[in-house]
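Chemist: I'd like to ask you about the structure that follows.
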Amino acid sequence: MKIYKLKGEIREKIGTNEARRLRRKGFITGEMYGAHEKNIHIKINAKDFQKFLKEVKKETVLIDLEINGQNYKCILKELQRDFIMGFPIHADFQILHEKEMITVSIPVVLIGIPEGLKLGGTLEHLKREVNIRAIPSKIPGHIEVDVSKLRIGESIHIKDLKLPEGVHIVENPEETVCTVLSPKKTAEIPSEKVVMEEVPSEEKKEEEEKEEE
């Protein structure tokens, strides 16, 4: 797995007002934590972090995070974005230790075009991430699933996934990852009811005219 580098600094002050002040100065706030470490409050240059996100996309990656000259091996555990604009405002990092197993969530990527699609079926991707357990060096960036042989009505489940050596899934093995649905039946279009306006007879016209007089 590729290791990405990030650099940050310890932030001495915490709180909402301080976080807003740092964002105005071009930083995002962050938190580092691990099994053997106390929480570390940090700040990272927002432009550097945006560049990092563009490079890794949705992959799960190892991060060499340098804070005040000290390096930590981490993964991005949680990311908070601005509710309106969508840009990142806070990140949580989990500190890793080489020989210790950890549980992380990694993306599921579907590869190929199912046979069922050629017959009008629809591919439904139900499980886009799975939780796995492994030591840091064994964590894959994602899991690829070949769906090219799937026919209408067939599915791939957690238990069908092929994993690298040393990687274990901690999910229900019977849970469906993806399935090919049968073509939707075209709903019958109800015939339009034509509402005919009542055409007044000559007698009615005469009666209406008399009433108006």
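Using the three backbone atoms N, Cα and C, a Cβ is placed for every residue, glycine included.
Pasting the feature list from TrEMBL:
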COMPBIAS  191-204  compositional bias 'Basic and acidic residues'
DOMAIN    6-93  domain 'Large ribosomal subunit protein bL25 L25'
DOMAIN    102-184  domain 'Large ribosomal subunit protein bL25 beta'
REGION    191-213  region 'Disordered'
Chemist: Do you know the DSSP helix, strand and coil residue counts for the domain 'Large ribosomal subunit protein bL25 beta' (102-184)?
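Modeler: Helix (H, G, I), strand (E, B), coil: 10 helix, 35 strand, 38 coil.
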Chemist: Can you check how the pLDDT averages out over the domain 'Large ribosomal subunit protein bL25 L25' (6-93)?
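Modeler: Over the domain 'Large ribosomal subunit protein bL25 L25' (6-93), the predicted model scores a mean pLDDT of 94.
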